[in-house]
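What follows is one structure encoded as C-alpha cells, with my remarks underneath.
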Amino acid sequence: MANPVQPQLQDPGSTSPLDLPEMEKLLTKVENKDDQALNLSKSLSGALDLEQNGHSLPFKVISEGHRQPSLSGSPSRASSRRASSVVTTSYAQDQEAPKDYLVLAIASCFCPVWPLNLIPLIFSIMSRSSVQQGDLDGARRLGRLARLLSITFIILGIVIIIVAVTVNFTVPK
C-alpha cells in the first residue's frame, strides 16, 4: 500500500498520476486564497514548461515570464498545451540555427598546412552536433571558431604557396 504523504519515484519520461497543469491549478487556487505570491520552484516550473510544451523537449518558454493565474475558472488542458506550443514555436523560429562553416573548413583542408587544417573541420563538426543537441550558443561559438581557424589556415596556406613559388623561381640553377 502506498503512503499518500510520500511521493512515489517514477521514470523521468513517464507521466505522473497528477497531471502537471492540474497541479498548477491547485497551486494558483492556494495562491488566491492566501493572497500571497507562491513561488514555484525551478524544478516544478521547468517540469510544467516541459509537459505543456507537448514534445517533452527541454525548451524553456522565455517569453512567458512569470506565471499568472488564469482568469477563466478551468482552462482545458488542450488549450494550455496549444498556447504554450505556439509560444515555444515562435521563440524557436526567432533563433535561427547558427552556421557551422563546414564547406569553408573542408576548403581549408586543401591548403598545405596539412595537420593543422583538420582542426577547423573538427570544430565545424562539433558545431553541427551542438545544433542537433539544442545548444545554440555553443554551436554559434564553435562555428565562429571554425570560421576563424579556416580563414587563418587558408591565408597561411596561400603564404606558404607564394613563398615556395618565389623560392623555386628565384634560386639560380
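A Cβ is built for glycine as well, from the same backbone N, Cα and C atoms used for every other residue.
The feature region 'Disordered' is assigned by Swiss-Prot to 1-22.
Positions annotated as topological domain 'Cytoplasmic' by Swiss-Prot: 1-102 (among others).
Taken from Swiss-Prot, the feature phosphoserine applies to Ser16 (among others), supported by a large-scale study or a structure entry.
Summarising the annotation, Swiss-Prot assigns phosphoserine to Ser43 (among others).
Under the heading phosphoserine, Swiss-Prot lists Ser45 (among others), citing a large-scale study or a structure entry as support.
Here Swiss-Prot flags Ser70 (among others) as phosphoserine, drawing on a large-scale study or a structure entry.
Taken from Swiss-Prot, the feature phosphoserine covers Ser84 (among others).
Per Swiss-Prot, the feature phosphoserine maps to Ser85 (among others).
Per Swiss-Prot, topological domain 'Cytoplasmic' is recorded for 124-150 (among others), and the stated evidence type is similarity to another entry. With a threshold of 8 Å between CB atoms, the same-chain residues lying at least 6 positions outside the topological domain 'Cytoplasmic' (124-150) that come near it are 57-59, 95, 97-102, 104-105, 107-108, 117.
According to Swiss-Prot, the transmembrane segment annotation covers 151-171. Panel annotation: around the transmembrane segment (151-171), residues 104, 107-108, 110-113, 116-117, 119-120 of the same chain, lying at least six beyond its termini, place a Cβ under 8 Å from a Cβ of the stretch.
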| message | Mean pLDDT across the topological domain 'Cytoplasmic' (1-102), rounded to an integer, is what? | response | 55
